[in-house]
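Remarks on the structure that follows.
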Amino acid sequence: RRGAGWVACRGYRCWAGGAAGCPAAMEKETIRVYARVKPLGRRQQAGIYSVDDDEKSLSSLEIVVPRDLADGFVNNKRESYKFKFQKIFDQEAKQDVVFDSIAKPVAECVLAGYNGTIFAYGQTGSGKTFTITGGAEHYNDRGIIPRTLSYIFDQLQKDSSKVYTTHVSYLEIYNECGYDLLDPRHEASRLEDLPKVTIMEDPDQNIHLKNLSLQQATNEEEALNLLFFGDTNRMIAETPMNQASTRSHCIFTIHISSKEPGSAIIRRSKLHLVDLAGSERVAKTGVGGHLLTEAKYINLSLHYLEQVIIALAEKNRSHIPYRNSMMTSVLRDSLGGNCMTTMIATLSIDKRNIDESISTCRFAQRVALIKNEAVLNEEIDPRLMIVQLKKEIQELKDELALVTGKQRTSELSQEELHQLDELIETFLKDNDPESTLDVDADMRKIKYCFIHMKQLMNHSKNSDQKLLSSHISEEKDTNKEAGEEELEKMKKLLQQRDNEINILVNMLKLEKKKAQDALFQLNAASAGSTVLEPSLSVNLEENRSPSRCFSLKEAKDFSSSVHRLPSLPRKTGGKMSLGCQEAFEIFKRDHADSLTMEDNKQLLKQRFAEAKCLGEKLNEVRNKINYLKREITQRQIQRAALAVSNPSEELNMLDPVEEKLRTQIEEEKKSYKTMFNRLKGLKVEIEHLQLLMEKIKMKLQKDFEVWWSEEAINLQQEKPEMVSSPNTTTGYAQFIKSSQHLSTNSFSETTRVSPNEDPVGKNNPITSSNTTSQTRTPSSSSIPLTGDSQADADILAFLKARQSILQKKGKSCQ
Ligand code: ADP
Ligand code: MG
């Protein structure tokens, strides 16, 4: 409100009917309400309404209800209704006159820094859009918006005393949703394509519109372009089903900010030019379904507008229901706050619209009761404020220097600092409790002393801490030495154990190799081609190699695998424990699929042999073809040489030898092709077989895993003490024993599937005898034991397990 008194609001003079100056800015002013009657043309009916312009300040409009209508109307006793307006613009009134009387005064006030609103209210077709925006055909039909823009920019240009910036925004509210009509990024084909605008309220209850773009317009042309752009968006978005123009509210806002050069005060004001939705009632719309819903909506938001207007018109109403609709929220300031507001009631007074016209006038009468309080919207520019404050500081400094006789800078001089240091030192050393630290009445010195003291305090604190931590680190050093010694000892011990384990593992490997040999010989029939050797076997091969030294890690893997029975590496690339591998071999041998595997292996072997043979033959044919080609070339050279020395016609004739060679080549080529195709077919078959084998192998492994974990569980249930015992290898040996039982079962199953097969080489005397000889194992007493009870027990348990497997094998072979 600052400076309200000195701002000359030119518009306000017109507004206040020629009253001098603008003193009323802080007084409450009622909303000005005007009426405009639309030309009726040929539909003109005499005597329906009359305008009385006689009264000095206010005009009155009398609507006379024709007798034939009066019966069915609200109160059939009355025939005429009188309404008062600031001014009534009858049918002949031109746009420029309307602008001059209604909009120009408001524009003046907006230029002076007050907020202004002009809104048009009336039923659809009564001339709201014509009044606010204008008619599309004639230049003279320009409405309030273009005329106001023109006027404002004209004034801004004339006024060089201030710096102005102008922005515009264009909001459409349809079904309680706000849309930004000026968003340049969106080409709207529907209203929904436009950015949605939402309302935000700050703690001071000021309304902010999120997503509504403010477009800068530096001149009239730019502003008109924006208006045109928004109107186009509005028009495009409209469809017959969605007659947005009659069902939506549009608010075109001009934002002006101004500042006098050098002043820190900025004035901001805005002018809302509002084209409301049609005010007709739902009953009148008389359409069902979708349109009815929309109509209700419009009426609902206008109904809320009415409620707000009623609440505002009532004295002592504390709560005004602005929040009920988006439109009342947006127009909050315009209706009951800091704004100079004007309403235009548009009327289309023919016989059919009598009731609507009366209700529009009634609404206007209520609006006319509302008092608003417009204040100057001034704020301070922080940048300029800083400049001003700096200036003020300098002035104060100068004044201080004048009083103290000393020119003070913000910094103390080196000499002054030194003096202060000495003073502080003396003060601190002085044991007299009464002693004081006396510096001048100079804030800079006092501050320095405090800072210095603080630093001293912190310093002494830090040195205390350092002392403490150095004590601690000394202690640590002693501990460290002791720890290192201990570590060295442990390392040595570990090395020793590693060596022991290595020896043991190598021993186990030797045993393992023997056992494996026996197993493989038993499986003599399944000694597949090296090419197709399953990678698992390769893995075993690796482990069996006596030259390869077992690493410490592998040894550990072995011992740990004993503890985690159910886990088996799924991929053949992974490592199995030796025991696990052994069990797997047995399982594999007895599995039904091993027969299929065997068949496939054999087939593959055959195919490989065939392929090899074919490949060799192909090479032979190729060589032969090459040889024949060379023959032909040679023959041709000879004939050419002959032709040079002895030219005769004979030479031009075909050479029968060459012809024979060519036929031979063709034949060879044919057989090459046939063989090549056969080889191609074989390749496909081999690849397919290999895939099949891989699949079976995977299945086998999976089955084994399941069986393995089931066994582990069974074992746990049967002999829980074994599992809980720290010597788990005993449990393992037991487990291997029980696995024999299972593999015998699965063996009998296998025989049922394929009785002709001899899966364990029962009828192979060589294998049998070999196995028998292999069953002899070194007695546990012949193994050099380590002396470590745990390791010894592990080895013994393993050997027992192995022995029982071999015994079982021996039995099955007999
Ligand atoms: P509303 O926006 O209230 O639905 P419009 O402004 O679209 O109504 O007016 C409906 C029709 O009447 C338009 O064709 C418009 O040009 C015409 N019209 C309205 N008021 C006037 C007027 N004062 N002079 C001439 N034509 C008018
Ligand atoms: Mg309209």
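Cβ coordinates are placed from backbone N, Cα and C, and glycine is handled just like the others.
Automatic prediction, not curation, is the source of TrEMBL annotations.
The average pLDDT computed for the domain 'Kinesin motor' (30-370) is 86. Annotation comment: TrEMBL describes 30-370 as domain 'Kinesin motor'.
Annotated ATP binding site per TrEMBL: Gly122, Gln123, Thr124, Gly125, Ser126, Gly127, Lys128, Thr129, in sequence order.
The coiled coil annotation in TrEMBL covers 480-525.
Taken from TrEMBL, the feature region 'Disordered' applies to 743-788.
Under the heading compositional bias 'Polar residues', TrEMBL lists 743-754.
Residues annotated as compositional bias 'Low complexity' in TrEMBL: 767-782.
The Cβ neighbour count for Ser126 (ATP binding site), using a 10 Å radius and every protein chain shown, is 26. For the ATP site, the Cβ centre of Gly122, Gln123, Thr124, Gly125, Ser126, Gly127, Lys128, Thr129 serves as reference, and the other residues of the chain with Cβ at most 8 Å from it are Lys38, Ala120, Phe130, Gly278, Thr346, Ser348. In the three-state DSSP classification, Gly122 (ATP binding site) falls within coil. The sparsest Cβ neighbourhood within 10 Å, among the listed binding-site residues (Gly122, Gly125, Gly127), is found at Gly125. Checked against ligand 2, the binding-site residues Gly122, Gln123, Lys128, Thr129 give Lys128, Thr129 as the ones with a Cβ under 6 Å from it, listed in sequence order. Around the Cβ of Lys128 (ATP binding site), the number of neighbouring Cβ atoms within 10 Å comes to 29. Sequence-distant neighbours of Thr124 (ATP binding site): residues of the same chain at least 6 apart with a C-beta under 8 Å from its C-beta are Thr246, Gly278, Glu280.
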